[in-house]
Amino acid sequence: MLHQTKMFSNHISKLIIRQHFVRQYCRTKSTRRFHNVKDEDEEYHKVRRKTENEETHIYLLKSRGQHLLMNPRVLNSIVQKSNILPTDTVLEIGPGTGNLTLKLLEVAQKVIAIEIDKRMIEILHKRVSERGLQDRLTVICQDALKTEFPQFDLMVANIPYGISSPLVAKLVFGKNSYRSGTLLLQKEFARRLLANPGESEFNRLAVNVKLVADVEFVMNVSKKDFLPCPKVDSSVVKIHPKAEIPEVDYKEWCAFTRTCFTKKNKTLRAIFKHKRMLVELMKLQETKGDEENNTLYSDYHVNDTEDKDGLSNEDNVNFSSDVVKDLNLFRDIINDILRSGGFEDKRPSKLSHEELLDLLSLFNRARIHFHGQVKLMESDAELASAFCPL
C-alpha cells in the first residue's frame with residue numbers, strides 16, 4: 001500500500017513538471033510568434049511619430065487625396081504581394097513622404113516616383129538619403145495623368161482616390177508593357193473593378209478594364225492605417241495584362257460601352273429606342289459618312305438647340321418629314337441588328353465580353369459606329385481623358 005502511494009505521488013510530480021514545461025514552451029513559442037508583430041508595432045509608432053512631426057510643417061491637401069499609409073504590416077504585405085524581382089524597375093504614383101517608397105527601394109533595382117507636390121518630394125529625398133538609397137530613386141515632379149510614363153516592370157502605388165479611374169485606364173490601355181500593377185484603391189472603387197457580369201456592381205469600369213486585363217483581390221486596408229484618417233476603407237488589387245487582347249479600336253469600344261451602360265439594367269431594345277439616343281447616333285453616322293464619302297445618312301439635319309444645361313433637348317429638336325422618315329428607318333436598322341444577334345431582350349449588366357464584342361461587331365458591319373474619329377491615341381493622357389469618367 002505504501003509502495004502504491006509513493007508511485008502515485010511520483011506520477012503526480014511528473015505530471016506537474018510536464019505541465020510546467022508545456023506552459024513554458026507555449027509561452028516561449030507565443031513570444032517568438034508575435035515578436036515580429038511587436039517589432040512592427042514599435043516601427044509603426046516610430047514612423048507615425050516621425051511623420052507627424054514632419055507634417056507639423058506641411059499641410060496635407062484633401063483635393064489631392066493626400067492620405068499617407070502608415071501601418072508597416074500593410075506596407076510590407078503590399079511589397080510582398082507585388083512579387084518584385086531584384087532587377088525590376090517599379091513605378092510609384094504619389095509616393096508622398098516615402099513610406100512605401102522606402103520599402104520598394106529595399107527590394108527593387110530602381111524606383112521611379114511621380115509626385116506633383118514639391119513639399120512631399122523634399123521630405124522624400126531627405127528620408128531616402130538617410131538610408132543611402134538615393135542612387136536607386138528617380139523622382140518626376142509632374143501630374144501623373146499628363147506626363148508620359150517611363151519604361152517600368154511593375155506599378156505599385158497608393159492611388160489618390162480622385163484620379164483612380166483615369167490612372168487605371170492609363171495603366172491598362174497605355175502603350176507601356178508591364179508585368180503587373182498592385183494598387184491601393186478606395187474599397188468601393190475596388191469592388192466595382194472586381195465585379196463580374198450578372199453582379200449588381202458590374203459596370204462600365206469593370207467591362208473596360210477587364211477587356212485587356214485580369215483583376216485580382218489582394219486584401220482590405222482599414223482607414224485607421226492612414227494619416228490623416230479618410231472617411232472610407234481601402235482595398236489592394238493586383239492587375240495583370242492579358243496575354244491575348246481582342247482586336248478592337250479602344251475609343252470605339254469605350255464609346256460603345258458608354259452607350260450601353262448608361263442604363264445597364266434595361267434591355268438593349270429599350271436603351272436604343274429613345275429618340276435622343278437615335279438622333280445622336282444618326283448625327284455620328286452623318287459625320288462618318290462625310291469622312292468616308294458615304295451618304296447613307298447624310299440627307300438628315302438636326303436643329304442643335306440646347307437647354308439651360310448645355311445639353312441637347314430632344315423636345316426642342318425640329319424634324320422635317322424627311323428626317324422623321326430617316327429616324328424611323330434608322331430605328332428599324334438598329335432593331336434588326338439587335339434581333340439578328342438575339343440581343344433585343346438582353347441587358348448590358350449581364351453580358352460577357354464576348355457577347356459585347358459580338359454586338360459591337362454587328363453594329364460596325366452595318367456601318368454604325370459609336371465614336372466619330374477612329375484614330376490612334378496621341379498620348380496616354382488623351383486616352384485617360386477619353387476613358388474618364390466611368
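Heads up, the Cβ atoms here are built off N, Cα and C, so glycines get one too.
Because TrEMBL annotations are produced automatically, they should be read as predictions rather than curated entries.
Per TrEMBL, the feature S-adenosyl-L-methionine binding site maps to His67, Leu69, Gly94, Glu115, Asp143, Asn158. Annotated domain 'Ribosomal RNA adenine methylase transferase N-terminal' per TrEMBL: 74-243, in sequence order.
Positions of TrEMBL features highlighted on the structure.
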residue	record	CB count, 10 Å
His67	S-adenosyl-L-methionine binding site	23
Leu69	S-adenosyl-L-methionine binding site	18
Gly94	S-adenosyl-L-methionine binding site	23
Glu115	S-adenosyl-L-methionine binding site	23
Asp143	S-adenosyl-L-methionine binding site	12
Asn158	S-adenosyl-L-methionine binding site	25
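Averaged over the domain 'Ribosomal RNA adenine methylase transferase N-terminal' (74-243), the predicted model has a pLDDT of 96.
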